């Protein structure tokens, strides 16, 4: 209203050199007051706008803080998920390695099981009642004797050792075989003594057989042969029946042959 009042009409200007009219002064003051009021109103509007802007800025700042906090929580969650994923991958690798080791162990166990099954079948074949392996197959073979040892051992000892090595033969068959071999040896000694010609020897004593003297004649040999035959007949069978492995009988027979020669 004041502006309208001020703008109603043109203000009459005072003369250049004359006194200023009071109405002009009042109008000028009113214009200045109106301008100051408008300026204050504008400043208030600007202040209100600035307050609104400050509130919006504060709201934006709070939103940014919440966003940063959510980002922090998200980053922590992602870090935990990554750590869990690494642990899961390590557990998966360990489980795979264990599976590989178990597969190798299973293969070894299968191989051992196959060997055990094969050995079990072999034992079944070995110890089967119908076809049982004789005990002589598991005995250690005797060491071979040299020529010197064989020469020292008598023929009866060799026969006795051969008889003892065969465990499957009964005792009666061994005794019969030894008796038969003894009789054969006696017969061979008889033939050897009857076929050889030389000086007659005195009848042998049981302690030591006598040696032949150089002055004996060859004519007395036929007379001494009947005396030798009855002495040699009973001795070898008795020795073979009582103790077939005794070396005295073989040595005595060899000494008798040397004495006859």
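Even glycines carry a Cβ here, placed using N, Cα and C.
Note that the coordinates shown come from a computational prediction; the quantities given were computed from them, not determined experimentally.
Checking 62, 136, 188 against Swiss-Prot, you find phosphoserine recorded for 62.
Checking the candidates 128, 185, 197 against Swiss-Prot, the annotation SUMO2 cross-link falls on 128. Record check of 151, 165 in Swiss-Prot: the feature phosphoserine is attached to 165. According to Swiss-Prot, of the residues 75, 166, 166 is the one noted as phosphoserine.
Swiss-Prot gives the label phosphoserine to one of 70, 194, namely 70.
The Cβ neighbour count for residue 70 (phosphoserine), using a 10 Å radius over every protein chain in view, is 10. Across the region 'Leucine-zipper' (20-78), the model assigns an average pLDDT of 92.
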